[in-house]
Amino acid sequence: MNQQLSCDHLWFGADIVTMQNGRYGIIEQGAIAVSGQQIIWVGPYADSAHIQARQRTDLGGGIVTPGLVDCHTHLVFGGDRSDEFEQRLNGVSYSEIAAQVGGILATVRATRSASQAELVDAARQRLQHLLAEGVTTVEIKSGYGLEVASELRMLQAIRQLAQQVPAQIQATCLAAHAVPPEYRHDPEAWVDVICDQLLPQVAAEGLADAVDAFCEHLAFSPDQVRRVFIAAKALGFALKLHAEQLSSLGGSALAAEFDALSADHVEYATESDVAAMAQHGTVAVLLPGAFYLLREKQRPPVELFRRYQVPMALASDANPGTSPALSLRLMMNMGCTLFGMTPEEALAGVTLHAARALGLAQRIGSLESGKMADFVHWPLARPAELVYWLGGQLPCRVIFRGEER
């Protein structure tokens with residue numbers, strides 16, 4: 001006989017896709033008991049007679065999933081680069097665009113000239129698209145300021161945005177995103193600034209949860225990333241890394257060496273990289289939006305990740321240059337159609353494994369007692385439909401921290 005249990009709200013009348021251990025874990029005709037912001041019981045509604053609820057909601061069918069988690073975005077930036085997209089489709093090369101001082105430097109200029117209020121307002125509009133699809137947790141990176149004052153302003157904008165939206169926002173300092181134009185002849189000096197000036201100030205003001213870098217031949221070398229990681233780890237930051245997107249430099253193994261939460265992109269990760277990630281619990285964050293827009297050919301080694309049991313997350317990588325994507329569900333479909341993931345892996349990739357990539361798997365990402373009450377009610381019969389449909393089928397309800405938003 002179950003012990004009597006009291007809760008604030010009992011949600012029932014739908015199939016619960018728990019995603020415990022990264023599997024669907026479906027409870028048919030299930031129920032979720034919530035007290036305050038937390039789940040205190042999940043199970044079949046037929047077994048809930050012992051629960052005394054102050055409020056009950058019959059969902060009337062459909063499925064319930066954990067709130068979706070977008071674990072890699074660049075939502076805060078100034079300006080717009082749709083003109084470059086059009087130029088490329090009219091035959092203008094990347095090098096020609098760069099010669100016109102376009103590309104990432106165009107975003108850097110626009111971001112540096114934008115006020116904090118302008119950055120927040122623009123990012124909020126982008127973020128609303130993700131939230132409308134059932135996203136309840138979002139990571140947002142800096143990295144378009146590339147000078148101390150502008151990087152701090154970006155992180156302050158992220159913090160301000162977090163206070164204005166019904167979602168959990170995780171901030172990541174990505175000052176090692178590209179070499180600033182002022183340091184193009186001396187990138188080591190910019191690494192000095194990051195390590196000696198910027199990161200200590202970010203830590204002192206509590207502006208970031210993690211530190212990221214871009215390890216690639218057109219950005220920062222493994223040795224330069226190592227310097228950033230040593231400084232960041234000494235200050236208590238969690239670590240993440242853009243690695244193996246365009247070439248194999250051993251960045252994924254470097255991330256694992258430092259016990260980084262994730263290595264992201266990872267198209268060129270080797271078996272030794274994957275083995276290192278498995279040993280250190282580093283999540284592989286796959287970013288099909290950038291792969292698609294750049295028309296890349298090298299797919300991430302999904303079979304190796306499976307074989308070595310490396311958790312695979314999916315994210316939008318929402319950014320103005322290589323992934324202007326504001327739909328996490330589209331990324332789920334791309335993860336399946338472009339990378340060969342299964343629908344179950346894709347859903348795990350935007351719930352439990354995405355939570356792991358943010359160091360939050362003990363609090364969010366699956367529906368079980370003790371976790372935060374973040375969940376989404378969908379007008380669907382099967383979880384695979386979330387991946388199958390391209391657009392449409394918005395949530396019936398989104399519950400964030402126990403409250404319908």
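Every residue, even glycine, has its Cβ placed from backbone N, Cα and C.
Going by what Swiss-Prot states, the 4-imidazolone-5-propanoate site holds Arg81, His177, Gln245, Thr322, and the candidate of Tyr144, Tyr183, Tyr308 recorded there is Tyr144. The record from Swiss-Prot ties His72, His74, Asp317 to Fe(3+), and of the options His9, His217, His242 it ties His242 to that site too. DSSP classifies His242 (Fe(3+) binding site) as strand under the three-state reduction. Sequence-distant contacts (6 or more apart, same chain, Cβ under 8 Å) of Thr322 (4-imidazolone-5-propanoate binding site) comprise Gly289, Ala290, Leu293, Leu294. Counting only same-chain residues at least 6 apart in sequence, those with a Cβ under 8 Å from the Cβ of Gly321 (N-formimidoyl-L-glutamate binding site) are Arg81, Glu84, Gly103, Ile104, Thr107. When the neighbouring Cβ atoms lying within 10 Å are counted for each of the binding-site residues (His72, His74), the highest count belongs to His72.
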